[in-house]
Structures are given as structure tokens and as C-alpha cells.
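Colleague: Take a look at this one; I'll ask things after.
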Amino acid sequence: MAQRITLHDMTLRDGMHPKRHQISLEQMKGIARGLDAAGVPLIEVTHGDGLGGASVNYGFPAHSDEEYLRAVLGELKQARVSALLLPGIGTVDHLRMAHEIGVQTIRVATHCTEADVSEQHIGMARKLGMDTVGFLMMAHMAPVQTLVQQALLMESYGANCLYITDSAGHMLPHDVTEKLTAVRQALRPETELGFHGHHNLAMGVANSLAAITCGATRIDAAAAGLGAGAGNTPMEVLVAVCERMGIETGVDVFRIADVAEDLVVPIMDHPIRIDRDALTLGYAGVYSSFLLFAKRAEAKYRIPAREILVELGRQRLVGGQEDMIEDTAITLARARGLPVA
């Protein structure tokens with residue numbers, strides 16, 4: 001029997017990062033219709049930093065989470081909608097709102113060593129009867145045994161699926177194999193395993209295939225790779241490769257390629273590719289959504305973005321510390337005698 005996986009689209013959530021959270025409702029509805037028609041079963045919709053992400057730190061979106069979610073939910077014929085929630089950014093009130101308007105899957109995301117902060121949110125989601133996913137970010141930063149312990153914590157809180165997340169696009173296939181094999185062996189058989197990759201070292205597809213080989217049944221990807229850094233695993237490429245390998249996705253390769261080419265590429269503010277800064281993200285192991293913040297700091301303080309990113313990697317900054325990026329740029333500028341006023 002052919003192996004079957006669930007592809008989870010990131011275009012309308014992780015894709016908000018390179019769009020500075022400014023995707024219009026009409027653009028979002030059009031892309032959602034295309035994804036739905038292509039057979040994508042699960043589509044994530046929120047601010048790039050999850051429910052409640054609208055802020056000075058993370059950026060103000062063109063519309064509220066509720067407006068985006070309602071717009072997409074009204075367009076779908078077969079796909080389900082998920083929302084991301086980072087404790088400390090999103091609250092249980094945001095979670096209840098998403099559930100009340102029809103979101104069926106919630107993904108509760110923490111840094112890979114901080115699963116304990118997810119207990120309230122995972123517990124509430126399970127109480128509401130939602131498909132509840134624990135999402136361990138920046139997984140390259142934790143040794144295997146730590147990752148296993150954190151995954152087991154999320155499972156004990158009620159998560160029915162655990163994601164290992166390569167937020168920096170830093171992992172290589174052997175890293176994925178080592179970590180996902182250990183987590184898969186530790187989880188209950190009925191608990192699903194997922195993988196979220198970034199393409200900063202061009203490993204998105206290869207890492208996803210490694211994850212599938214280890215027993216992952218949910219894989220994140222984005223049409224045309226639209227996402228932070230050099231983007232997420234490109235959905236259309238992953239679908240084509242899976243089809244060649246006999247892995248069933250339920251997604252039509254030509255329809256998803258058309259969504260990427262006709263709907264997603266035209267709205268890009270800049271090409272999603274492995275430029276020197278995105279490469280630095282993957283090489284240094286820095287959170288992918290830091291890229292635009294580093295580029296803004298470069299323009300303001302005349303410190304090359306990649307030098308800022310390398311320093312962030314040295315400091316081991318993690319998601320949620322975006323406010324430290326400007327501080328780092330100021331420190332580097334002062335060290336060189338550059339004006340910071």
C-alpha cells in the first residue's frame with residue numbers, strides 16, 4: 001500500500017513574513033480557492049507570528065486574524081483551516097475566537113526547550129475538541145534527548161500531533177533523520193509526527209523526504225515557497241517528487257504549480273530565493289523571520305544584514321526576540337564608530 005501524507009499549506013501564514021503581513025483579503029481568498037481546488041487538505045491562516053501577532057514588535061497586518069480567517073473559511077469546499085498560536089503572543093481568548101468561527105486545527109508553537117509554556121493552550125484546544133498540534137521551533141538548537149522530552153511534554157498536555165520545526169532552515173537530512181526517528185519512537189503510536197522546513201540551505205524537499213521516511217505524516221510546504229527567509233519547502237516541487245516516489249498527497253501537481261505561478265509569484269514583493277542573507281540564516285542557524293528585521297536594521301544603521309544575522313546566531317537568539325535585532329545592530333554600529341541617532 002502506498003504511503004500517504006497530509007500536506008499543510010503555509011502560504012497564507014508563513015508567507016505573511018515576506019509580505020510584511022500585508023496580503024489583502026482578495027489575494028488571500030484567491031490563493032485559498034486555488035489551494036482548495038488543487039486538493040490541499042489543510043491551510044494555515046494567521047499573522048506570520050500567529051494569532052495575536054499584530055504589534056509593534058512583529059508588525060501590523062492589513063487585516064485582523066479574524067477577518068483573514070473568516071474570508072478564507074467562506075471560500076473552501078474541502079480544505080480545513082489551521083491557525084498558529086505562540087503562547088505569550090496569542091492567548092486562550094484568541095484560541096476560542098478561532099474555534100468559534102470554524103478553525104479546526106490549532107498549532108501551539110514554542111521554542112524547542114520551552115514546551116512547558118504550552119500546557120494551558122494545548123489543554124484548552126483539546127477541551128474544545130480541536131485537532132491539536134504541538135510545534136517545537138528551532139529544533140536544531142536542542143539535542144535529541146531534550147527534543148524527545150519536550151515532545152513528550154506536549155503529548156502529555158493533549159497534543160495529538162507533534163511537529164519538529166526547522167525554523168532556521170539549518171538542518172540537514174541526517175539531522176532530521178536522527179531527531180525525528182527518536183521522537184517517533186518515543187511518542188504513542190496514535191500521535192502523529194510532522195515536519196516544517198525552510199529552504200535557506202536548499203534542503204526543504206530533501207529534509208521533508210527524510211522526515212517522511214522517519215514516519216512523519218504531516219508535512220508543511222508553501223506554494224512557490226512563499227515564507228520567511230528563503231521560504232518554506234516549495235509545495236509544487238514536493239508534490240512532484242512525492243508523486244514520483246509513490247507517496248500519496250492528494251494534491252494535483254499541475255494545479256498547485258499553477259497556484260504558485262499564477263497567484264503567488266505575482267504578489268511577491270521580492271523573489272523568494274536563497275540570497276546571501278537567507279543563506280546566512282541557514283548557515284548560522286537563525287530564525288527565518290529575522291531576515292526582514294535584519295534588512296531594515298541594515299538600511300538604518302549601515303551594518304550588513306548578514307553580519308547582524310551572524311551575530312544573532314552567535315547570541316543564540318530565538319523567535320520572540322525580534323526587539324533584540326535593532327539593539328544588536330546599534331551595538332555593532334557603535335563598535336565601528338557609526339552614527340546611531
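Using N, Cα and C of the backbone, Cβ positions are placed for all residues, glycine too.
Here the structure is a predicted model, which means the values were calculated and not measured.
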Colleague: If Swiss-Prot says His196, His198 bind Mn(2+), which of Asp9, Asp14 does it name for the same site?
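Modeller: Matched candidate out of Asp9, Asp14, per Swiss-Prot for Mn(2+) with His196, His198: Asp14.
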Colleague: Among Ser24, Ser167, Ser208, find me the residue Swiss-Prot lists at the same substrate site as Arg13, Asp14, His196, Tyr287.
Modeller: Ser167
Colleague: Please name which of the binding-site residues listed here, Arg13, Asp14, Ser167, Tyr287, is nearest in space to His198 (Mn(2+) binding site), Cα against Cα.
Modeller: Ser167
Colleague: Validating a neighbour-count step here. Other CB atoms within 10 A of the CB of His198 (Mn(2+) binding site): how many?
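Modeller: That number is 33.
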Colleague: Around the C-beta of Tyr287 (substrate binding site), how many further C-beta atoms are within 10 angstroms, looking at every protein chain?
Modeller: 29
Colleague: In whole Å, how far does the CA atom of Ser167 (substrate binding site) lie from that of His17 (active site, proton acceptor)?
Modeller: 13
Colleague: If you average per-residue pLDDT over the domain 'Pyruvate carboxyltransferase' (5-257), what number do you get?
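Modeller: Taking every residue in the domain 'Pyruvate carboxyltransferase' (5-257) and averaging pLDDT yields 98.
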